[in-house]
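Taken verbatim from TrEMBL:
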type	residues	note
DOMAIN	42-293	domain 'G-protein coupled receptors family 1 profile'
TRANSMEM	24-50	transmembrane segment
TRANSMEM	62-88	transmembrane segment
TRANSMEM	100-121	transmembrane segment
TRANSMEM	142-164	transmembrane segment
TRANSMEM	197-222	transmembrane segment
TRANSMEM	242-262	transmembrane segment
Amino acid sequence: WEINGSFYQPSAFLMMGIPGLEPLHPWISIPFCALYLTALLGNCVILFIIRRTPSLHEPMYYFLSMLAVTDLGLALCTLPTTLGLFWFNVRRIAFDACLTQMYFIHILSFIESSVLLAMAFDRFVAISHPLRHPAILTRSTVLKIGLAIVLRGTVSLLPIPFLLKRLSYCGRTELSHSFCFHPDIMNLACADIKVNVFYGMIVLLSTVGMDFIFIVLSYILIIRTVVSLTTREECLKALNTCVSHICAVLLFFIPMIGLSMIHRFGRDVPPLVNTVVAYTYLTIPPALNPVIYSIKSTHIREALLRALCRKRG
């Protein structure tokens, strides 16, 4: 502990695995290894295919590349501490290292939310204004959107580590997960955390909350456009281009909203439920997003098959 008068700051936190199942951690690590391997391999394949296929150099796949990079970052952020705990029972994480991991986890989560919004906007323009789509979403516009997304997440979350470092902590150092999460660290403090709670809620609502609202609005406008189409085949074709994105949105937002609500209001929620939601939020989307897009996107599937056939030849 670092002690300075009445100010107490732990040198490290202790991470928790799955409560009540500690003896089974080596076995539980097997599905986690499969998820991390799928996330790393799947997203790398998506990036490789898009880079090597000129026909995929368009806004929809540029945004998909951003999503793949973000998912790779999320997987790499939690992989060392999660597998270290399950394999070697390494529970200790230094205070500053914990704040760093927390900062990048939240940044990447906010970036993923913004990328999903950008993808919703791309689908809206492609379906509602197909002739103007190339002129509206040019390569330079997509690049500017990407830079704005990164800047927004980085700047909005910059005060969070400093707000946590100013707090005095009590004797408890046990985190709820095998990674560092802002509400989890904040609740270990014995100081007044009203500023942390207020700022965290404002940032969450003004970024992820607004992204979700605009995604819903985008799909309301998309449905209005689709309903106005003349034939059933055209309606199905238009909606089919959105299926992968809808799945990605649901995979990301449902567990994220659930985890945020549990940390802020779910005092009586069983620890196992909290743990399952947290791992679902950070491991399932990075692993399943590339699988969903590979299955549903005909262009990616065909490009992947061509690459495999070229290697065999």
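Positions of Cβ are set from backbone N, Cα and C atoms, glycine also.
Looking at 24-50, 100-121, 197-222, 242-262, the range that has the most CB pairs within less than 8 A of the transmembrane segment (62-88) turns out to be 24-50. Counting same-chain residues at least six beyond the ends of the transmembrane segment (100-121), those with a Cβ under 8 angstroms from any Cβ of the stretch are 60, 63-64, 66-67, 70-71, 73-74, 77-78, 81, 93, 145, 149-150, 152-154, 156-157, 160-161, 164, 179-182, 185, 207-208, 211-212, 214-215, 218-219, 245, 248-249, 252-253, 256, 282, 285. Same-chain neighbours of the transmembrane segment (242-262): 67, 109, 112-113, 116, 119-120, 123, 127, 181, 183, 204, 208, 212, 215, 219, 222, 269, 273-274, 277-278, 280-281, 284-285, 288-289, 292-293, 296-297, counting only residues six or more beyond its ends whose CB sits under 8 Å from a CB of the stretch.
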